[in-house]
Amino acid sequence: MTADTPSWPEVLSALLARRDLTEAEAAWAMHQIMSGEATDAQIAAFAVALRAKGESAEEVSGLSSVMLALAAPVPPIGEALDIVGSGGDRAHTVNISTMAAIVAAATGVVVAKHGNRAASSACGSADLLEALGVAIDLDGAGVARCIERAGIGFCFAPVFHPSLRYAAVARREIGIPTVFNFLGPLTNPARPTASAVGVADPRMAPVVAGVLARRGMRALVFRGDDGLDELTVTTTSTVWVVRDGSVQEVAFDPRAVGIEPADTAALRGADARHNAAVARAVLSGERGPIRDAVLLNAAAGLTAFDTPRPDQLVDQISAAMTRCAAAIDTGKAAQLLDAWVEASQAARGVDADRS
């Protein structure tokens, strides 16, 4: 394959031969897709062949770099954190990462969350935030205003990645998870400097960690050993600690930070209205397994932001959980949500005036 001018037959032949693409080759394919040059057949063949071979960190880096380059911009926001899950665990839990993001922001860390509506559950992060009263359809300037006024903002994926529409038909018609399902956590247009990322697919979790390491980010990538795309409270989790361009895999047991195991059923959610009521209850201090899960994942975010250390992970998460619990119990988390709702609605009004 010629590095300067790859072609679809060359790219697809390489994947069928189970050869990893270079970052540049993967980037070429993604640019073809997101510019509308690729046909539905080419997109479907690429996604399926890549999935069958197994995605590499270099390939996913190429794909995600093109998405970020073509994304609608967000004004620079400095050091920031994202807490996000890949979805796809089919467990239909409440929106743990979204609640965790609010709690983390209430401790004083700037949070820039990136998300979408539900794909495989009844309620995605965008659905929950909308039910809570947050204006989700803001442009980059609106997101930045929310961060300035409330310390947290939300980038709604369809607003910032409109070129993904070119892959929509192929993704829908092949009907199986592909690399596109894992690009969301890697393509936050606000470009946070730290991430806590839950990945349900055991094959993709270390790949996601590898992509973040290649970017020089600080991150915790994790998968519950029960299959959840969260740091789970039902059993142990596997964690990939990302710092200084490297990845180290460690095991994490929630009992080490004082959490007694719960059943997955205790975390189950429903539609956006139900999950919004749960979120307000947790942010107002309600105790139980959902609070434990929210504290644990918010603490993972703070640990990633503060630079994670594999040999001190339990101590770091334990200390961060104390900060997160205080943010809830002092009322700061509930107050932050109210401030975010107000800031987002005001920003929506500014957007409307500009248009």
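Just so you know, glycine gets a Cβ as well, placed from its N, Cα and C.
Now, the feature entries from Swiss-Prot:
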BINDING   Gly85, Asn116  anthranilate 1 binding site
BINDING   Gly85, 88-89, Thr93, 95-98, 113-121, Ser125  5-phospho-alpha-D-ribose 1-diphosphate binding site
BINDING   Ser97, Glu230  Mg(2+) 1 binding site
BINDING   Arg171  anthranilate 2 binding site
BINDING   Asp229, Glu230  Mg(2+) 2 binding site
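Distribution of Swiss-Prot features across the structure.
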residue	record	Cβ within 10 Å
Gly85	anthranilate 1 binding site	28
Thr93	5-phospho-alpha-D-ribose 1-diphosphate binding site	23
Ser97	5-phospho-alpha-D-ribose 1-diphosphate binding site	29
His114	5-phospho-alpha-D-ribose 1-diphosphate binding site	27
Asn116	anthranilate 1 binding site	18
Arg117	5-phospho-alpha-D-ribose 1-diphosphate binding site	17
Ser120	5-phospho-alpha-D-ribose 1-diphosphate binding site	14
Arg171	anthranilate 2 binding site	19
Asp229	Mg(2+) 2 binding site	25
Glu230	Mg(2+) 1 binding site	29
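Annotation: Gly85, Ser97 are the binding-site residues among Gly85, Ser97, Asn116, Arg117, Ser120, Arg171 whose CA atoms are within 10 angstroms of the CA of Asp229 (Mg(2+) 2 binding site). A 10 Å radius around the C-alpha of Gly85 (anthranilate 1 binding site) takes in these binding-site residues out of Thr93, Arg117, Glu230, in sequence order: Glu230. DSSP assigns Ser97 (5-phospho-alpha-D-ribose 1-diphosphate binding site) to a helix in the three-state reduction.
For Arg171 (anthranilate 2 binding site), the nearest of the binding-site residues by C-alpha distance turns out to be Ser120; the candidates were Ser97, His114, Asn116, Ser120. Considering only the binding-site residues Thr93, Ser97, Glu230, Asn116 (anthranilate 1 binding site) has Ser97 as its nearest partner by CA-CA distance.
Secondary structure at His114 (5-phospho-alpha-D-ribose 1-diphosphate binding site), as computed by DSSP, is strand.
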